[in-house]
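Asks: Take this structure, written in structure tokens, and hold onto it; I'll ask about it next.
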Amino acid sequence: MNVYEWLQTILFFVLLLALVKPMGTFMAKVFQGERTFLSPVLIPCENLVYRICGVDKDEEMGWQRYAVGLLLFNLASGIALFLILLLQGILPLNPQKFPAFSWHLALNTAISFMTNTNWQAYSGESAASYFTQMVGFAVHNFLSAATGIVVAIAAIRGFVRRRTADLGNVYVDLTRCTLYILLPLSIIFAVFLVSQGSIQNFSAYKTVPLVQETNYDKPKLDDKGNAIKDAKGNPVTENVKVKEVTIPMGPVASQEAIKELGTNGGGFFNANSAHPYENPSPLTNVVEVFLILLIGGSLTYTFGYQAGNPRQGWAILAVMLAILWVAIAVNYGAESGGNPLVAKLGVQSVNLEGKETRFGLAGTSLFTTATTGTSCGAVNAMHDSMTPLGGMVPLALILLSEVVFGGVGTGLYTMVAFVVIAVFVAGLMIGRTPEFLGKKIEVREMWMSIVIVLTSGILVLIFSALALLVPSAVASMANPGAHGLSEVLYAFASMSNNNGSAFAGLNANTVFYNVSGSLAMFLGRFAPILASLAMAGSLAQKKYVPPSLGTLPTDKVPFALWLTLVILIVGALTFFPALSLGPIVEHLIMLGGK
Amino acid sequence: MRELRPALFLFILFTVICGGIYPAIVTGIAYAVFPNQAKGSLIVDKNHREVGSALIGQPFSDSKYFWPRPSAATDFGYNPMGSGGSNSGPTNPDYLKTVADRVKALRDSGVLGPIPADLVQASASGLDPDITPAAARLQIPRVAKARGMAVAEVSRVVNEHLKERQFGFLGEPRVNVLELNLALDAAK
């Protein structure tokens, strides 16, 4: 890295870390119902919401009721989005007259946005109306983010509360999360994004003349819309002159802000955060990364704060940061080293394929690792075109169950499950009682943690293997050989872990990927959520065991190192064979110059 | 099912707040404070005609224009309706041949020495408005010759359009190709 890149990266993390404590404390207060500076304005709004919805805000819920409320809320939103997509053609705010989605694309997209995955098998500017983007997608960006956060809050309460079945009120938590945290930040940052050049309007698409006209070979289509082929089977084309182009418009900034803040990641446009209207400047680039990491990072402090042990929060954050920094270094190193097969042609040795000029390599590495360490999945570069090792970094971050900051909420509760496993295994190895924050870890907690940690891995391997057995699924690969395997592996890793980014060459808009992906996203989201709530329910009922000489300290450096190792070992054991056949083989091929 | 009403009503209420009120507030503020950006940073010529956007690149292949980065947008390069990258993997033979062809085209235009990567590798959005300063300087002799302008004169216009790193350290220095070419057309 040159001096500017170091400066950009270091200042970024200094700023982020400086805000972890105030933001984490603020969130803790919001969920405990304490007064904050927003209370005078928002308490009346909050109470109005409860009155309309028939919610008694002082009513507590056990984990089952909490889970049922959360699932019903998600189900309602998923079904609503499915219907919006199927009825897009007759709904308002559709100046480009986009037709309805096919049933399997609508199913995949609805589940994708409901589960905070935001996997996109369609391309926004040529398929989704403003109504769909705003009332469909943007709403889900808020709701799925809130869902993840409240599960983490319930998980925290499991450790903090003693001898009770109560985990809080799911509707109150969802309401406070949206009104106090997500909406105010989204408004501020959406306006900021507009100031830098993100668009925010409801105009029809603009047609502008080209300075120099261009042309292209357009495939000829028959009456049914199929490509006409000549006697040799090659598509018949005609050369078409292009004198003017159509520039898409829309309410982009309002969606962009919540898409990063809620680690959703679904782009308004096909190019996602690489598109100049979504991410117009180097400043918006680092601010978007900041939004991606802000809530996930701060929740670690919320955790420590509520548990009465802020050091515990910092210890978890340190583990996340350590893995993220290594990931940035490897990705930056691989991409700045370039592609020897291209360098051989007389080109400067750095890989800029699928990257934007304005962000530079450091801005690209920062975004790429942040978006895959969390469950965001927005991209400012095409991961598919990175060098084999550079592209393995985002893939590996997703495969580590997204605990490097993680999705908003999901990152914390998944990390807590890893902590539980680490405490248990360490307890067995050194003969100490497995306990964490004064709560005994027993068989039930271990089962739930295993479900949280291993669900996505099992889904990835099973569905990837299935895809390799289905000829039509193999035909979707855009690149031959080892890279094709990486594309399929990345697709199911992304969907099972609710990330949503892609090795986007893969043609994923087929019945196979849409349906199998829907299943992977649904199970990958709700199995860990239920396990996490069940674990919180059982932990909350336990009594507090004060730390003794036999207690393993979990807020010190040795445990942080141990936790890092457990995360890496679980990831390595699950995925090393698959990664060897994909990115690692391709790396060797690239170096071999074949 | 006593949970049905709160779950359903909460969803409907938040759809109104997050899907209606929120974007309306943002649009209102954006139009009041940053109207030009909110509408797409459109470039208007002296006849008040919209000729493009400062943020969206356009295709150029004529010798008298600075060339932008290759674009993998659908149908044709820099098609704003089909944003996206090539998604070609680094060992894909088709991709390597494409890059080799681009290198040859640059060599044929008289370029010597190592070629800046951005001139032969496609951007992520397919709409990247910028090239690196190195890629711009490399093209100055060709553009000057094609336009019958002095090299120094073209260099001056390029330097006027050089954007430094934001605040001196964010991102990369760059040149906006569309703005540069419009300025050259206006200069002659």
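Backbone N, Cα and C define each Cβ position, glycine as well.
Heads up, TrEMBL stuff is auto-annotated, nobody curated it.
Keep in mind that what you see is a predicted model, and the values were worked out from it rather than measured.
The following feature annotations were taken from TrEMBL:
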TRANSMEM  A:66-86  transmembrane segment
TRANSMEM  A:135-156  transmembrane segment
TRANSMEM  A:177-199  transmembrane segment
TRANSMEM  A:283-302  transmembrane segment
TRANSMEM  A:314-334  transmembrane segment
TRANSMEM  A:392-425  transmembrane segment
TRANSMEM  A:446-468  transmembrane segment
TRANSMEM  A:519-539  transmembrane segment
TRANSMEM  A:559-585  transmembrane segment
Asks: Could you pull out which residues elsewhere in the chain have a CB under 8 Å from any CB of the transmembrane segment (A:392-425), counting only those six or more residues past its ends?
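Replies: For the transmembrane segment (A:392-425), the far contacts come to 116, 145, 147-153, 155-156, 261-263, 292-293, 295-297, 299-300, 303, 316, 319-320, 323-324, 327, 330-331, 334, 368-376, 383, 386, 434-436, 441, 445-446, 448-450, 452-453, 456-457, 460, 486, 489-490, 493-494, 497-499, 501, 528, 531-532, 535, 552, 554, 559, 562-563, 566-568, 570-571, 574-575, 579, 582-584, 587.
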Asks: Answer with yes or no whether the transmembrane segment (A:446-468) touches the transmembrane segment (A:283-302) by the criterion of at least three Cβ pairs under 8 A, sequence separation 6 or more.
Replies: no
Asks: Would you call the transmembrane segment (A:446-468) and the transmembrane segment (A:314-334) in contact, using three or more Cβ pairs under 8 Å, pairs 6 or more apart in sequence?
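Replies: Contact criterion not met.
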Asks: Is it the case that the transmembrane segment (A:314-334) and the transmembrane segment (A:66-86) have 3 or more CB pairs under 8 Å, with pairs at least 6 apart in sequence?
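Replies: No, these stretches are not in contact.
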